[in-house]
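According to Swiss-Prot, the features are:
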type: TOPO_DOM; residues: 1-7; note: topological domain 'Extracellular'
type: TRANSMEM; residues: 8-28; note: transmembrane segment
type: TRANSMEM; residues: 48-68; note: transmembrane segment
type: TOPO_DOM; residues: 69-97; note: topological domain 'Extracellular'
type: TRANSMEM; residues: 98-118; note: transmembrane segment
type: TRANSMEM; residues: 142-162; note: transmembrane segment
type: TOPO_DOM; residues: 163-185; note: topological domain 'Extracellular'
type: TRANSMEM; residues: 186-206; note: transmembrane segment
type: MOTIF; residues: 229-232; note: motif 'YERL motif'
type: MOD_RES; residues: Thr235; note: phosphothreonine
type: MOTIF; residues: 291-294; note: motif 'WTKF motif'
type: TRANSMEM; residues: 303-323; note: transmembrane segment
type: TOPO_DOM; residues: 324-361; note: topological domain 'Extracellular'
type: TRANSMEM; residues: 362-382; note: transmembrane segment
type: TRANSMEM; residues: 406-426; note: transmembrane segment
type: TOPO_DOM; residues: 427-483; note: topological domain 'Extracellular'
type: TRANSMEM; residues: 484-504; note: transmembrane segment
type: MOD_RES; residues: Ser525; note: phosphoserine
type: MOD_RES; residues: Ser528; note: phosphoserine
Amino acid sequence: MAAAAADLVIGWCIFGLLLLAILAFCWVYVRKYQSQRESEVVSTVTAIFSLAVALITSALLPVDIFLVSYMKNQNGTFKDWANANVTVQIENTVLYGYYTLYSVILFCVFFWIPFVYFYYEEKDDDDTSKCTQVKTALKYTLGFVVICALLLLVGAFVPLNLPNNNNSTEWEKVKLLFEDLGTGQGLAALSFSISSLTLIGMLAAITYTAYGMSALPLNLIKGTRSTAYERLENTEDIEEVEQHIQTIRSKSKDGRPLSARDRRTLKQCEERLRTLRKRERHLEFIENSWWTKFCGALRPLKIIWGIFFILVALLFVISLFLSNLDKALHSAGIDSGFIVFGTNLSNPLNMLLPLLQTVFPLDYILITIIIMYFIFTSMAGIRNIGIWFFWIRLYKIRRGRTRPQALLFLCMILLLIVLHTSYMIYSLAPQYVMYGSQNYLIESNITSDAHKGNSTLAVPKRCDADAPKDQCTVTRTYVFLHKFWFFSAAYYFGNWAFLVVFLIGLIVSCCKGKKSVIEGVDEDSDLSDDEPSAYSA
């Protein structure tokens, strides 16, 4: 019992160290992208905190799996200390952890982040007082609070199972509803709300992560255009525009006024000339920068990283395809959320994670790598696509020049994507997320030649969805993810959409040429001349 307690403490200590690493990563990540001129303390802290909570929630996944696996021996029997009370206590500890973290996520998504966002939107108007800003922000935030309340009510009051008897009265149905409400409906309400956010995260992952998984490695492999060649092209463009301006101005040398068309063309040419000269300054700065020379020396390493990332992307895509194909061929159908009893088509990650889970914390390391990979590929997708509302581009994400409102949007999207990674990992390795490395005993008839008869032998078998409930403990993560079958069905179809968008993004990324070393300078009219270092990085 003492050894078991010591091992459990070690597991939670590693989780604590991971919390510190997450906070450090979020601080560096947010500071890297926030604008140096428009930096706001509240928006920065909000972005760091919300992203950290999402990552901490994902970090709880391997702890959950480790705890349910650690209660059983490899031969399928429970350990001596793992009685019913201890098992329930461990499950409740993880469950309360999820309750706390998911409640904080709901608070961030439906109150704090919208409030801070609308507060800074009102702050742009210099005529308004702080009191007016707070009142206006609270007024707009109230709409998000109402949405959150509706989601909680729907999750709590809508029963999953109504009476099967068609002759049952309405009173019996209402009675069953309130009986269900008193039995764990807090879990159902929270699960419904989080699943709704995860569904939005799935859409964000389809839009940004799927494209970023192809764009990031190919951009690393292709690299950027030559700075010297870009300067030469830019110089030629400057000379051409200056000559065009001189031609237009020569028309008014004799005192005649320019026509409206010539004045409009002259104005456009002058704006174009200012942009080209601004590009020239930045190109000159980058060409002479020591950072550019250092990055040039690291070019082979970037190619290696690009090849590694594309191989990892192909591994994920193949695993996700095989997992979805298994559900399409062998699942219990859409009414069950495409649950699969057993594993009929194995995929690489589904085989690897249960093996690593037996040697703690190797699965921790792999899960961390997967989550960070999703973060970086999502960030690559957001940087390439931008933040859009239908056909309207709201914000651009630029290193060192992201506005506070855009930073909040960015962390909101990443928070939702990280929420969805738990289901993505389940899709890649359903057995691992559901039961870890648990085994249970089944009786097998064996024919013995020595005794001229049959004998019964208990043999261990890996836990799956068809296993007895009293023999295999389901992770709390799985309980949250699959409380409502229709969300699981939506995730299943979303995985197919994810694969399609990845293939489209792969084709688009292959067809696109190399990026400019000052990508986005033409679009940023608010770029000041004292910020060239943002591009040099």
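Keep in mind that glycine also has a Cβ here, set from the backbone N, Cα and C atoms.
Per-stretch counts of Cβ pairs under 8 Å to the transmembrane segment (406-426) identify 186-206 as the leading one among 8-28, 98-118, 186-206, 303-323, 484-504.
Long-range Cβ contacts of the transmembrane segment (484-504) within its own chain (Cβ-Cβ under 8 Å, at least 6 residues beyond either end) map to 155, 160, 191-192, 195-196, 198-199, 202-203, 205-207, 209-211, 213-214, 313, 317, 320-321, 323-324, 327, 334-339, 423, 427. At the 8 Å Cβ threshold, with sequence separation of at least 6, the transmembrane segment (362-382) comes into contact with the transmembrane segment (48-68) through 3 or more pairs. With DSSP states grouped into helix (H, G, I), strand (E, B) and coil, the motif 'WTKF motif' (291-294) comes out at 4 helix, 0 strand, 0 coil. Here the transmembrane segment (98-118) has long-range neighbours at 42-43, 46, 49-50, 53-54, 56-57, 60, 136-138, 140-141, 144-145, 147-148, 190, 193-194, 197, 405, 408-409, 411-412, 415-416, 419, 476-477, 480, meaning same-chain residues at least 6 beyond its ends whose C-beta is under 8 angstroms from one of its own.
Outside the transmembrane segment (8-28) by six or more residues, the chain places 47-49, 51-52, 55-56, 59-60, 63, 66-67, 70, 90, 360-361, 364, 368 with a CB less than 8 A from a CB of the stretch. In the motif 'YERL motif' (229-232), helix, strand and coil residues by DSSP number 4 helix, 0 strand, 0 coil.
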